[in-house]
Amino acid sequence: MVFRRFVEVGRVAYISFGPHAGKLVAIVDVIDQNRALVDGPCTRVRRQAMPFKCMQLTDFILKFPHSARQKYVRKAWEKADINTKWAATRWAKKIDARERKAKMTDFDRFKVMKAKKMRNRIIKTEVKKLQRAALLKASPKKAAVAKAAIAAAAAAKAKVPAKKATGPGQKAAAQKASAQKAAGQKAAPPAKGQKGQKTPAQKAPAPKAAGKKA
C-alpha cells in the first residue's frame, strides 16, 4: 500500500498528546524537520509552533496559500466540513469508544456483557436455522434423516420421568402399612425335639448308711 500522508501546507493533523490532546489542527507552514506552524481556528487551538512527534497526520487536506492568515484557514476548514468528516471516520469512533469505555461503571459493564450474550444467542439460533434450511434443500435423504433426528430430540425433551411424590401424608401411610405387615407376620415356632426321644431323668443321690456293720 502506497503511503500518502505527507507533511505539507494544508494537511490536517490530530494532536495525540500535550495540552491540546484530542484536537485537530492544520499545518500552515513547515519551520524545520522537527516543527511546524499549526493553526486550529475551529478547534480552539491558537497558531503556534508544534513538534511533529505529538501530531498524527490525517487524510484531510485544506486548500489555502502558504502562511495564510487565520480567517482564510477558518474559511477553508468550514468549506471542507472537517469536523463532520472527522467524526464519521473509524479513527474518531475508536477514540470515542475508548473514552466511553474508560468512564463505564461496573453496572454498565454488566449490562454490556448481558447484551453480548443475548446477541450471540440470537446469532447462533439464526445460523442453525440457515444450516438446517440448506441441508433440507441439498438432498431429500439427508432432509428425512434431519427431520427424524429433530423429532426424536423433541420427543426426548418432552418425555420427562415422573418423580414419586413423597409428601408427609404419603410417608405416614407407608409407615402404617409397614407396621401392619410386621404385626401380621407370625412368630416362628420353637424347634421341637425328635419323636421317641425322652429327656434323661437325673437320679437322686443314695442316702449314706447310718453305721458300719461289725
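Counting starts with 1 at the first residue shown.
Glycine is treated like the rest: Cβ placed from N, Cα and C.
According to Swiss-Prot, the feature region '4 X 5 AA tandem repeats of Q-K-A-[AS]-X' maps to residues 170-189, out of the candidate ranges 50-69, 70-89, 170-189. On a Cα basis, Lys124 (SUMO2 cross-link) lies 23 Å away from Ser139 (phosphoserine). Here the Cβ of Lys85 (N6-succinyllysine) has 14 other Cβ atoms within 10 Å, regardless of which shown protein chain they belong to. Here the Cα atom of Lys124 (SUMO2 cross-link) is found 36 Å from that of Lys85 (N6-succinyllysine).
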